[in-house]
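Participant: Dumping the structure here so I can ask a few things about it.
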Ligand code: DON
């Protein structure tokens, strides 16, 4: 398969779409990034890397951090995690509060903000600094020691984190947060502010395409069955209320973030990450979704 040629073709064909969509402005530090930017990388389980555009430029991973945080919490608690957070698509926006009251403070899944706050609560109970533990975990997954979080992005979001604070306090009122809500919001916001490139993110997600083991080191992060379960969650919940449309178009388990990144996995073959900051109405990268749709269409490779 000529992945290099296919990536270059996608980049060329995408030109009219770059700059479309809206950059996330509710995090002021992200509002000034040009929606025209684009990078994409494929990392195969064999170790081969293919890139196009700004594949080595770091960006704010935002909700993609939820995938790694959930993996770490699942490693710690196993199926007990599902007593506190569900595994059903929410059908509502990633920052919606509406289901929480009817469902007694138990979020639908770990990839919406409310669910990720519960996951972060698990990490805050286990680690002195949850955000540092998560950064360390991601460094192990990707093999990149230089990864860290951007304090300016975290500060910028923390000043406007009213919805996430409301959710955290609301869940605490139902007894579904064990640690102080503001401490959890603080750790969660720092996790979201981790900066990584497309190549680094594809490397970090590669264990999911390799039955739970990091191909380059052989480290077993989760067993093969858990890798299946985490990938299934990405498929049904990783792109919020657009999950149905996304899977219809792309056919891969994926996790998106409002920084414009989307990471996806093709079990047994590769992880792929695309970055383009212009978002669609659901908060997923507009050009990024298109790039992944074209990748699976041109290669004929998807999970279906
Ligand atoms: O909590 C928030 O709203 C952001 N830190 C992350 C949201 C996000 O990335 C949703 N993804 N599309």
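Glycine too: its Cβ is placed from the backbone N, Cα and C atoms.
Quick paste from TrEMBL:
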BINDING   63, 113, 157, 164, 188, 240, 258  substrate binding site
Participant: Using Cβ atoms only, which residues of the same chain lie under 8 Å from residue 188 (substrate binding site) while being at least 6 residues apart in sequence?
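Facilitator: Once residues fewer than 6 apart are set aside, residue 188 (substrate binding site) is near 116, 117, 120, 164.
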Participant: Between the binding-site residues 63, 164, where is the Cβ count within 10 Å the lowest?
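Facilitator: The binding-site residues 63, 164 were compared, and 164 has the fewest Cβ atoms within 10 Å.
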Participant: Please report the DSSP secondary structure of residue 258 (substrate binding site), reduced to three states.
Facilitator: coil
Participant: Sequence gap of 6 or more, Cβ distance under 8 Å: name the residues on the same chain that satisfy this around residue 258 (substrate binding site), in order along the sequence.
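Facilitator: Listed in sequence order: 24, 27, 30, 62, 63, 279, 283.
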Participant: Which of the three DSSP-derived classes (helix, strand, coil) applies to residue 157 (substrate binding site)?
Facilitator: helix
Participant: Write out the long-range same-chain contacts of residue 240 (substrate binding site), meaning residues 6 or more apart in sequence whose Cβ is under 8 Å from its Cβ.
Facilitator: 90, 93, 94, 111, 112, 256, 282, 283, 284
Participant: Grab the substrate binding residues from the record (63, 113, 157, 164, 188, 240, 258) and give me their largest CA-CA distance in Å.
Facilitator: 20
Participant: With every protein chain in view, what's the tally of Cβ atoms within 10 Å of the Cβ of residue 157 (substrate binding site), excluding that atom itself?
Facilitator: 25
Participant: Provide the number of Cβ atoms within 10 Å of the Cβ of residue 113 (substrate binding site), excluding the reference atom itself.
Facilitator: 23
